[in-house]
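Right, one structure below, let's go through it.
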Amino acid sequence: MEHITPEGLGAPPSSTGLGQEIYALAERLFPICRSITGDGVRQTLDILSGHVDLERREVPTGTQVFDWTVPKEWNVRSASIIGPDGQTVLDFADSNLHVVNYSVPFKGVLPLNELMSHIHTLPEQPQLIPYRTSYYAPTWGFCMAYDGVAKMPDGLYRVEIDAELKDGSLTYGEYLHRGQTEREFLLSAHICHPSLANDNCSGLALLATLAKSMKARKTRYSYRFLFAPGTIGSIAWLSRNEGRTHLIDHGLVLSCLGDAGRPAYKRSRRGDAVIDRAMAHVLGREAGAKLMDFSPYGYDERQYCSPGFNLPVGMFQRSVHGTFPEYHTSADNLDFIKPEYLEDSFRILTDVIDIVEGDWTPLNLCPKGEPQLGKRGLYAALGGQASSGATSMSLLWVLNLADGQHSLLAMAERSGLSFRELAAAAKMLSDHGLLAAAS
Amino acid sequence: MEHITPEGLGAPPSSTGLGQEIYALAERLFPICRSITGDGVRQTLDILSGHVDLERREVPTGTQVFDWTVPKEWNVRSASIIGPDGQTVLDFADSNLHVVNYSVPFKGVLPLNELMSHIHTLPEQPQLIPYRTSYYAPTWGFCMAYDGVAKMPDGLYRVEIDAELKDGSLTYGEYLHRGQTEREFLLSAHICHPSLANDNCSGLALLATLAKSMKARKTRYSYRFLFAPGTIGSIAWLSRNEGRTHLIDHGLVLSCLGDAGRPAYKRSRRGDAVIDRAMAHVLGREAGAKLMDFSPYGYDERQYCSPGFNLPVGMFQRSVHGTFPEYHTSADNLDFIKPEYLEDSFRILTDVIDIVEGDWTPLNLCPKGEPQLGKRGLYAALGGQASSGATSMSLLWVLNLADGQHSLLAMAERSGLSFRELAAAAKMLSDHGLLAAAS
Amino acid sequence: MEHITPEGLGAPPSSTGLGQEIYALAERLFPICRSITGDGVRQTLDILSGHVDLERREVPTGTQVFDWTVPKEWNVRSASIIGPDGQTVLDFADSNLHVVNYSVPFKGVLPLNELMSHIHTLPEQPQLIPYRTSYYAPTWGFCMAYDGVAKMPDGLYRVEIDAELKDGSLTYGEYLHRGQTEREFLLSAHICHPSLANDNCSGLALLATLAKSMKARKTRYSYRFLFAPGTIGSIAWLSRNEGRTHLIDHGLVLSCLGDAGRPAYKRSRRGDAVIDRAMAHVLGREAGAKLMDFSPYGYDERQYCSPGFNLPVGMFQRSVHGTFPEYHTSADNLDFIKPEYLEDSFRILTDVIDIVEGDWTPLNLCPKGEPQLGKRGLYAALGGQASSGATSMSLLWVLNLADGQHSLLAMAERSGLSFRELAAAAKMLSDHGLLAAAS
């Protein structure tokens, strides 16, 4: 069957270059030492601004955002451990995972056993550096490969973390693609993780690329792209935009979108929002895709779906965070993500946007019996064959369910046909005067 | 357990002769060349009128029925292809499938390659003649076994289709068995297919035999038996009876009811109508039976379930149309249907009618605790045995659910017991003054 | 993860001695010949009164209780069959199952074939004596092992059943543990079976032990413990307490709770009562446990769930009555029940009581975004690890669902976490001022 792409539905992404483009952007973001505040976030937003006109927000240290207070701004210049023999055991310049994120500054000489209480390792993945944070409990620490620690001799170690915690601000960026209406589709990615490629350079790069691609498109919804630090960032955004969250009709949190895992979607707390149904429809056509119920652990959907907001926001990823061995380790590097998976994630996102944009509720203007499709050239001329073709089935389903109670998405759910086919059929029928929009 | 047949419930069909009777009628219908109009339909109605007093309707060519116009009447007298050697390659007298149904008349001499564009075959079933129609696109054509075509030498062929398309009428027949109320049960079979035994001589013969058997029965519902050409016929009927479709409480479209396949039911568009539940109950007790959701492709349920009507009409068949190899070919002949399957289909239909007729909503007049069944002779005298008998279970279920909210059918659905057993139990309890009808 | 037992939730039963205590009580009850009336019931209540202050009710013969009449009181002193050779073939003193319960008195000499029509056996379990009753059909009879009957020679037998049927009363006992409110949890066990250990010495002993253990506990609900003969006893109780059945919020019928079978619960007629959900939650954590829909055959749930009451009362047992070979035979003896299974059943009951007592509907006082758990010491200090601990998940789920629409039980159902964990989390959050009770 020939695929008909109705006007107004986005074309499928070309497979030439788009994945490479997203990957290249992720590659640029990877080396930066990000945290929930600080210059790493600003550098990241600088790079993203090359793709999309971000508005940058600075929320000063000490600002109350709901139950939280914006912390002091953290920056780290360097950090190292020098062994008893004067050899450098650890250098922050080698990996920005080496320092516990938000470590307080420290300089001193310690015996090994005392130092060890400040070193985090992964004994079961002895060659990997873990990623650890301590945003709100003032402490200092290092993260190292377990194999490296095992080789450290007894003796005194010179330790320095040249970090700074000072009054400053929390930074986030947002971009609003204005559609025909004020109703919004929120797309949100966390910007706070240091050199972790999948979590979440992939999400940041994908979101910026999507934002860029939307510029050329006229849409019904307005699309808000939010690049903010996890938890405190989305809470800050919600706090500053509390009066307009009622405009959000759909939303997705994006994370871990570049690995080889099959696409996975975690439903919003509501469970039956249009975004939940649209994602279920798209992923229902992807072999091995996973659909999961909401749970209050994960990314910023935790905040958007808190009971005081309960927004229709789900979470899209590939391998599920916390379940793959590379998660929050130095193995989540640029080898772990691939252009083809980034492109596949991009395509799923645009498919979902196509549904949200293209959905409508038709009314059959000829509802008593079937209209005669043949005289309109909409039906195979010769009858008697065993099955009606796919196009004919789409036409028949749309006509049958166009009672003003079924959106095209609801028709797709009931018929098992794809939204795309049904939208094309509805377009054909409208063009022949057989459908109107239900009021 | 002894089966108790309550008064008012139909006795199960005797296995002596009924299947043979239906088969014999199908056998008489088989040779006629039917179409959506024409004398073949009238001859068919003539034969059926020997079983049931049909009212015959003639709807003139050109009559507007909703979006459709009744076409010219089609009749064919003869048709043939004579080969270059003067041998008869094809003769309509051999099989009325040989001519594309609704072919325009044609007479001429053509070279083989030109003739071939008018010949339809089934290369994967090379010995079978396909069934093809072209009601609304004026063309002519032949249907042949692929093996026969392969033997046709090059050369000039003399071709004639002595058919006629003229102003006339579309014909259908109906019979109304009047019950105590005006509320109707619609039973509809298509009368337009030529020599295809299962599709639908089986349905026509079954329906006429059922109509005949209903004459002797006092019923609550009125039963309308409709023998009409597919699509245009049901649309014509709906158009002429638009004001009384609200009286239809239950309905079934009948087709393909004589083959060895297990019974299959396609739900109405509503999905939860009483007819859907009653058919599910009956087929739930038939090993291998199939229950399918509504879809807008099939037989005249497409029209009855169009959104402007949305009638509670499902479709009953055995092997599902379009899925068995004999479908719409010359192999759908009198060897393909058997008396025992026709009789089995008949029994299922009467079981469903028994449910619709016998269903009611009882109210337990002794609802606080169980009534003492023993003192009324309704309970096994000796206690302590591991299980209550089937009759006792029926009594207990009816008493327990007789809160005025559960019909007997709902009780059957919840308890897993058969409607027949529960109806018998309800009758017993009523006779003992323990139940009344819920108002 | 450390288990936190919040105040107000009962401690799990100690495994030292409790099962033995219940077993010892069942052992004392076992030898007594009980029936639906008579001194056996009174002796049983005497023994139970040693554990709990039972109020004893006597309902006189002839009293109308709904559709039923309290029968004459039955007592049996002795019964025997003496063979043609003067040997004692059967002596009631050996087993009180030997006499059909409620046999009329009889004395006479009969030939074997006539006697045989009064003897009940189990040919498929030839060494076991069946348990049979005939409460409302006046007859006499004996129950014997089939093997014993096979050895009886032809000849005349001297037969005597020294039983008495006289105006008297039906006896039942009840105990009300008063809680903070008048709302009741009804726990009901049948007291009418003679020497059958599982059915229902186990239930009687368990219920008395539970009643005793509740004395020391302050509860929200009042707990009514009912020890009454099956069917007529619960009907008599309902009849005398009709005006207060609306106070019953939860209820369980207890039977067969001492055997090795896995726990089983039959839902109330409502199917979704809190007791149904609480039992489903507890048994959902027991490997091999069975959940069954309501059916109107079983124990006194038949009466409590009759449509005139439709109380939220389910039935708790282990091996399902009527399905195990020992059921209603002499093999249901003290070897068939074990202290560990009685104790396990006790624990399940207290778990369910803990849920009913500990359930409440919290309201998140900080519902916009997550509250900052870290600053309250409620969150792991170091972030970045792959999963949140179990305690953290409980806290997050409670906060997320505390919209005033979810009880803790509903949260347990949605989250898959245990009620106990969620209750502990809700307590923590309340203590930190983050939750209030929804009005």
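Just so you know, glycine gets a Cβ as well, placed from its N, Cα and C.
Keep in mind that TrEMBL annotations are predicted by a computer and have not been checked by a curator.
These features come from TrEMBL:
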type	residues	note
BINDING	A:His193, A:Asp199, A:His328	Zn(2+) binding site
DOMAIN	A:23-358	domain 'DUF4910'
DOMAIN	A:73-163	domain 'DUF2172'
DOMAIN	A:361-436	domain 'UCP01524 winged helix-turn-helix'
Using a 10 Å radius around each Cβ and all protein chains in view, which of these binding-site residues has the most neighbours: A:His193, A:His328?
A:His193
Stretch-averaged pLDDT - the domain 'DUF4910' (A:23-358):
97
Secondary structure tally of the domain 'DUF2172' (A:73-163) (DSSP, helix then strand then coil):
10 helix, 36 strand, 45 coil
Helix, strand and coil totals (DSSP H, G, I; E, B; other) for the domain 'UCP01524 winged helix-turn-helix' (A:361-436):
36 helix, 7 strand, 33 coil
Number of other Cβ atoms within 10 Å of the Cβ of A:Asp199 (Zn(2+) binding site) across all protein chains:
27
Local backbone state of A:Asp199 (Zn(2+) binding site), from DSSP in three classes:
helix
